[in-house]
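Annotated in Swiss-Prot:
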{"type": "ACT_SITE", "residues": "GLU559", "note": "active site, charge relay system"}
{"type": "ACT_SITE", "residues": "LYS691", "note": "active site, charge relay system"}
{"type": "ACT_SITE", "residues": "ASP767", "note": "active site, charge relay system"}
{"type": "ACT_SITE", "residues": "HIS866", "note": "active site, proton donor"}
{"type": "CROSSLNK", "residues": "LYS89", "note": "ubiquitin cross-link"}
{"type": "CROSSLNK", "residues": "LYS248", "note": "ubiquitin cross-link"}
{"type": "DOMAIN", "residues": "61-218", "note": "domain 'SSD'"}
{"type": "CARBOHYD", "residues": "ASN281", "note": "N-linked glycosylation site"}
{"type": "CARBOHYD", "residues": "ASN296", "note": "N-linked glycosylation site"}
{"type": "MOTIF", "residues": "75-78", "note": "motif 'INSIG-binding motif'"}
{"type": "TOPO_DOM", "residues": "1-9", "note": "topological domain 'Cytoplasmic'"}
{"type": "TOPO_DOM", "residues": "40-56", "note": "topological domain 'Lumenal'"}
{"type": "TOPO_DOM", "residues": "79-89", "note": "topological domain 'Cytoplasmic'"}
{"type": "TOPO_DOM", "residues": "115-123", "note": "topological domain 'Lumenal'"}
{"type": "TOPO_DOM", "residues": "150-159", "note": "topological domain 'Cytoplasmic'"}
{"type": "TOPO_DOM", "residues": "188-191", "note": "topological domain 'Lumenal'"}
{"type": "TOPO_DOM", "residues": "221-248", "note": "topological domain 'Cytoplasmic'"}
{"type": "TOPO_DOM", "residues": "276-314", "note": "topological domain 'Lumenal'"}
{"type": "TOPO_DOM", "residues": "340-888", "note": "topological domain 'Cytoplasmic'"}
{"type": "TRANSMEM", "residues": "10-39", "note": "transmembrane segment"}
{"type": "TRANSMEM", "residues": "57-78", "note": "transmembrane segment"}
{"type": "TRANSMEM", "residues": "90-114", "note": "transmembrane segment"}
{"type": "TRANSMEM", "residues": "124-149", "note": "transmembrane segment"}
{"type": "TRANSMEM", "residues": "160-187", "note": "transmembrane segment"}
{"type": "TRANSMEM", "residues": "192-220", "note": "transmembrane segment"}
{"type": "TRANSMEM", "residues": "249-275", "note": "transmembrane segment"}
{"type": "TRANSMEM", "residues": "315-339", "note": "transmembrane segment"}
Amino acid sequence: MLSRLFRMHGLFVASHPWEVIVGTVTLTICMMSMNMFTGNDKICGWNYECPKFEEDVLSSDIIILTITRCIAILYIYFQFQNLRQLGSKYILGIAGLFTIFSSFVFSTVVIHFLDKELTGLNEALPFFLLLIDLSRASALAKFALSSNSQDEVRENIARGMAILGPTFTLDALVECLVIGVGTMSGVRQLEIMCCFGCMSVLANYFVFMTFFPACVSLVLELSRESREGRPIWQLSHFARVLEEEENKPNPVTQRVKMIMSLGLVLVHAHSRWIADPSPQNSTADNSKVSLGLDENVSKRIEPSVSLWQFYLSKMISMDIEQVITLSLALLLAVKYIFFEQAETESTLSLKNPITSPVVTQKKVPDSCCRREPVVVRNNQKFCSVEEEAGMSQDRKVEVIKPLVAETDSPHRAAFVVGGSSFPDTSLVLETKEPEIELPKEPRPNEECLQILGNAEKGAKFLSDAEIIQLVNAKHIPAYKLETLMETHERGVSIRRQLLSKKLPEPSSLQYLPYRDYNYSLVLGACCENVIGYMPIPVGVVGPLCLDGKEFQVPMATTEGCLVASTNRGCRAICLGGGASSRVLADGMTRGPVVRLPRACDSAEVKAWLETPEGFAVIKEAFDSTSRFARLQKLHISMAGRNLYIRFQSRTGDAMGMNMISKGTEKALSKLHEYFPEMQILAVSGNYCTDKKPAAVNWIEGRGKTVVCEAVIPAKVVREVLKTTTEAMIDVNINKNLVGSAMAGSIGGYNAHAANYVTAIYIACGQDAAQNVGSSNCITLMEASGPPNEDLYISCTMPSIEIGTVGGGTNLLPQQACLQMLGVQGACKDSPGENARQLARIVCGTVMAGELSLMAALAAGHLVKSHMIHNRSKINLQDLEGACTKKAA
């Protein structure tokens, strides 16, 4: 329950960073300004003479205070030094923001408490720095930095708050209670220090729960690079911090802290309210005196300078202890900024040969890899295959990683391209770094697990054999290889090695590529247990003249003649003046099934849903789940006591299955409140209907309902399509209409609509399985024109399930195809327009393909063309199949 509250809080703060940051800063400034305008106007040294203040300055406490300041600075320095070892400049920057703003909030609180007296702030800041803990801030930053997208940043921050929030809250409570005991000691200096300590803990907690997560979310949102596959701040080796098992607090420790807190609360209650209430007032008075606020010993004087000049002079004039403190801070800052990075790299290079000078290579043919041009870096010469000095940052490069190589020279290391243990291309790199080879034999699992869990080392210090050994021992789940390796590609490579040993032919994966692919866009979105990617030829047809525009349409297919035939249809349409299209309806559907005790009860629910009041209730719940989803109508059917409710909603530019499922689930929960006896059997009851032939999609529509038409002049029919209008109409009636009816087809009143739909779907990142419903099409042909020699053709497709955001449309090759059509991503001006435009293009392309295919059938050219263009010229006798090999 507590974790859920912190998760909701974290999600809210991360989703509204500007509001939280502005609100937090405004609240802090208001507290300071309110104190300035309404508080006491006494300022020691400016308009008041404070003898007690002078006495404190001359006391021997200066030495202790100076030592405390130096220790605080050293403590902060070592914390940032540890953070640098993590290898992320974003963690350093975010931790710096946390420190600065926490100090600002703490200073504001102290100034407010001291009634504008800045001398006490000088004493309080060292105690604040000693109590600040950057480990929790960096832990939350790791959660965010391990994300692949901005939406995942918010989810991971919420998850981090759910894990870290309760622990941090309990720790802050315990610290305040423990430190607060010192405020009851009666020792003036101890009371002051403990008071400052409690303020420090509360200021840190306030910033961690409000400003910090909002700042992390905003910084990462502003620093993302949308053109890159993986965000520039994404750290794959931090993925394991997302494992709740590694972050869950020790329950024994938590119980001890709670018992301690309860005991300390009793101590405070007994001391302050039960034992003797008068000492409390006395202590408060003494504290006020100790802070230099006693009005009886202060004399009012006339200010000699303005207030800002007074503060400026105090800042410029420094005592010896301030000079010592400032000198130490500047010295450590210079060391950290200018020297620490070099020391860190030097230290890591002795531990890890991978961190020695890295050479990058652009992917080139194998023949080019034999050249050995020289690249000079850090006054050393290296062999590389890349000669272009001004290579753009946006171009794809691959890091060349060292592998263990047997060589006579201790200063030569073998490098290979890629993550496979069977390299295709190798280079030799001259280096002066001492060679530290990984052991040839795999180390014990315990040692490998320690290296894997070390933030400074990680998986890159383990060989592939050691990773495989950990997977076989169940220490690493095979499905998490990408997230645990230093690169996703290495995880895929290791999975291929694991799989190859289990296949009938170990070399089966030889021709399935896996390198140079952006797997960060695949994980968690498109595919699991990845072993590579499938290259499919992509052809282009066009121009497709549609609605006054010209489109070059990409089609991914392995069927010969398909692209050529569709291209001929596009040419015929363009010569006829182009095609026109309209979107008749736009609404994705989801059809859950619910059950009630009796059929009469189901009838009552159906009747209530069909009333305006019932629909309004369900629509309000449904629409609350998304800014795009808007419930349009409900189509309800009964089967006994089962009730099938078909929700239909617009989903913007997304195909919308996830969006509408979320809204459906919320609507069913609201419906359950009105009918508690209702049982929700499944959020999908096959009444949608998704990826199955269904008359409901053909009749009611699903996704986009599109119609497209064109008139082809008789001359074009004769010269381009090589047939006549009469012959095409005759074939269309007897094949597409009568023939499909004889076969009992549902939505299949076309020649080959599924061919064109599927080819475009694969090229543009759609769900290829949805070609089942999306290919519903009726192709009609009529004679047109004054002499009835022109051909009028139309295609009506009632259920094109398509989108331009989400799923496979996030992959870069698929995005390239969408960009060819000008519909990539979401339409900012009119949400949903890109998806509707893509649906019109699909329908227009289907019509072009239908036109050419029907012409080939009418002219008798189909078999001839396929025998020429759709048969492989490779001598099949030279290829050994699996069965042939076994038989031999």
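Any Cβ shown, glycine's included, is placed from N, Cα and C.
What Swiss-Prot annotates, mapped onto the structure for a quick look.
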{"residue": "GLU559", "record": "active site, charge relay system", "DSSP (3 states)": "coil"}
{"residue": "LYS691", "record": "active site, charge relay system", "DSSP (3 states)": "coil"}
{"residue": "ASP767", "record": "active site, charge relay system", "DSSP (3 states)": "coil"}
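Mean per-residue pLDDT, taken over the topological domain 'Lumenal' (276-314), amounts to 55. The Cβ of LYS691 (active site, charge relay system) lies under 8 Å from the Cβ of ASP767, ALA769, GLN770, VAL772, GLY773, each of which sits 6+ residues away along the same chain.
Counting same-chain residues at least six beyond the ends of the topological domain 'Cytoplasmic' (1-9), those with a Cβ under 8 angstroms from any Cβ of the stretch are 158-159, 161-163, 165-166, 209. Proximity of distant same-chain residues to the topological domain 'Cytoplasmic' (150-159), defined by a Cβ-Cβ separation under 8 Å and at least 6 residues beyond the stretch ends, is recorded for 7-8, 10-11, 13-15, 140, 143-144, 213, 216-217, 220-221, 224, 242, 244, 524. In the shown protein chains, 17 other C-beta atoms lie within 10 A of the C-beta of ASP767 (active site, charge relay system). Broken down with DSSP, the motif 'INSIG-binding motif' (75-78) shows 4 helix, 0 strand, 0 coil. Residue environment of GLU559 (active site, charge relay system) contains 16 other Cβ atoms, counted within 10 Å of its Cβ in all protein chains.
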